[in-house]
Each structure stands twice: as C-alpha cells, then as structure tokens.
Amino acid sequence: MATKRKCPANGDDGGVADLEPVAGGSFASPPPEKKAKLTVAVAVAVAPSSSSSATTAAAGEATAKREHGGFFAFARPENNTRLSVAVASSSSSASAAAEKAMAKLTVAGVAPSSSASAAAAGKATAKREYGGFCAFARPDDKTRWRVAVASSAAAAADASYSSSSPATGEQPEANRCATCRRKVGLTGFKCRCGGTFCGGHRYADEHGCGFDYKSSGRELIAKQNPVVVADKLAFRI
C-alpha cells in the first residue's frame, strides 16, 4: 500500500506524492510529463552504452580467443605431418592425372604443352639412364636368349648346307647294309673300307672288301717295331 508524504522535488511543495515500494528502497514517482522526459533520456543514454558494451564484449571475446589459441599453440605445437602427407598425396594424384591427360592428347594427335613435353623428356632420359645402369650391372636375359637363338640358327644353317651338298664319293645310308640294303639301325657293322653292313655281310669275303689287310698289318708291325741302327764307334789306340 502506497504511503503519502510531501515531495518538494516534484515542484509541488504543498502536495503529497505517492511512494511506490521498490526492492531495496523507495522513491517518489515523478509526474507524467517528467516520466516521458526521463524515459527518452534513459533510452538515449542506454543506446550508446549498449553499443559500446557490445563492442567491448566482442573485443574481449576476440582477445580471449586469441589468448586461448595462443595457449593451446604453446601447449601443443601444430602437427604438419598429416598436412604434408595430404599435400603430397594430392600432388602425386595431380601429376598422375596430368600424365594421363598428356597420354590421351598424344594418342589423339594433339601436341602437349612445352612444360609437359619437357617433363616427359626428363622422365624418358632418367629411364634410359637407369636402364643403362641396370644393363651394365646385370646383363639382360633377352640378350642371352638372342645370342642362343642366333647360334642355334647358325648351326641349323650349317647342317642344312652340309646335307644339301654331299661329298663326291657318296656313301650309302648308315642305317642300311651296303650289300643287301636291309635296315640295320644301331646294330650295323662298320668295315674298314668305310661301309656299313648287316650281320651276314660284315666279313670282308662276304661283301668283297677292297681293304688291304696285309699291307696295313705290315705298316702296323713296322711302326710298333722300329729298326734300331747302331753307329760304329772307332777306337783309337
């Protein structure tokens, strides 16, 4: 319940003002026209104060963020490993994509750019140098294979040439008897006259052998028993 008391501050020394209860104290309510003036003044005063307080709060928040970031940056240093790995992977993927694009352009007949062609030339040079080093360090299997093929081809050519040009004294085939022409295979008998015969014609009197066994026997005996001639010694007395 409001109480009545004199309030000379309201411009009415003889009047009384209503006291409105307020938490922590009480004050006399001003007249309506003064209430409007006070409301406008308070609004004008509060507006700049609110903007300045908002600016101050924003500045304080930014300062706190900087200090917070600086503290964590000091406490835990920034780890660039994952960043570098990501950058390296992205660069490698980009280079692979560039190589594929250049290959497609080359296949399509479009000349690649100068930088791309220079990079391709550098890679080709490095591959040639690396291949040369490897070839010097370890011989290539293809080289040995080519040498073996060349040698086998040369041997086959020699064999074909020798078979196509027989000797003047043509001999009968080795797997047939020279008299009856029967196949003897590996069981044939080789005579000193140079022919191959079967078991029935292996002897000299059966196939009319022209080899002189007596002359060869004498030569063999002469070689095995050389004649030793002693020199006469003249003794002087």
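Every residue, even glycine, has its Cβ placed from backbone N, Cα and C.
In Swiss-Prot this protein carries:
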REGION    1-31  region 'Disordered'
ZN_FING   171-217  zinc finger
BINDING   CYS177, CYS180, CYS198, HIS201  Zn(2+) 1 binding site
BINDING   CYS191, CYS193, HIS207, CYS209  Zn(2+) 2 binding site
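Positions of the features from Swiss-Prot, shown on the structure.
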residue: CYS177; record: Zn(2+) 1 binding site; contacts (Cβ under 8 Å, 6+ apart): VAL184, GLY188, THR196, PHE197, CYS198, HIS201
residue: CYS180; record: Zn(2+) 1 binding site; contacts (Cβ under 8 Å, 6+ apart): CYS198, GLY200, HIS201
residue: CYS191; record: Zn(2+) 2 binding site; contacts (Cβ under 8 Å, 6+ apart): PHE197, ARG202, ALA204, HIS207, CYS209, PHE211
residue: CYS193; record: Zn(2+) 2 binding site; contacts (Cβ under 8 Å, 6+ apart): CYS209, GLY210, PHE211
Per-region confidence, the zinc finger (171-217) (mean pLDDT, whole number):
78
Other C-beta atoms that fall within 10 angstroms of the C-beta of CYS209 (Zn(2+) 2 binding site):
18
Around the recorded Zn(2+) 2 site, report the further residues of that chain (criterion: Cβ within 8 Å of the mean position of the Cβ atoms of CYS191, CYS193, HIS207, CYS209; site residues excluded), sequence-ordered.
ALA178, ARG192, GLY194, GLY195, PHE197, ALA204, GLY208, GLY210, PHE211
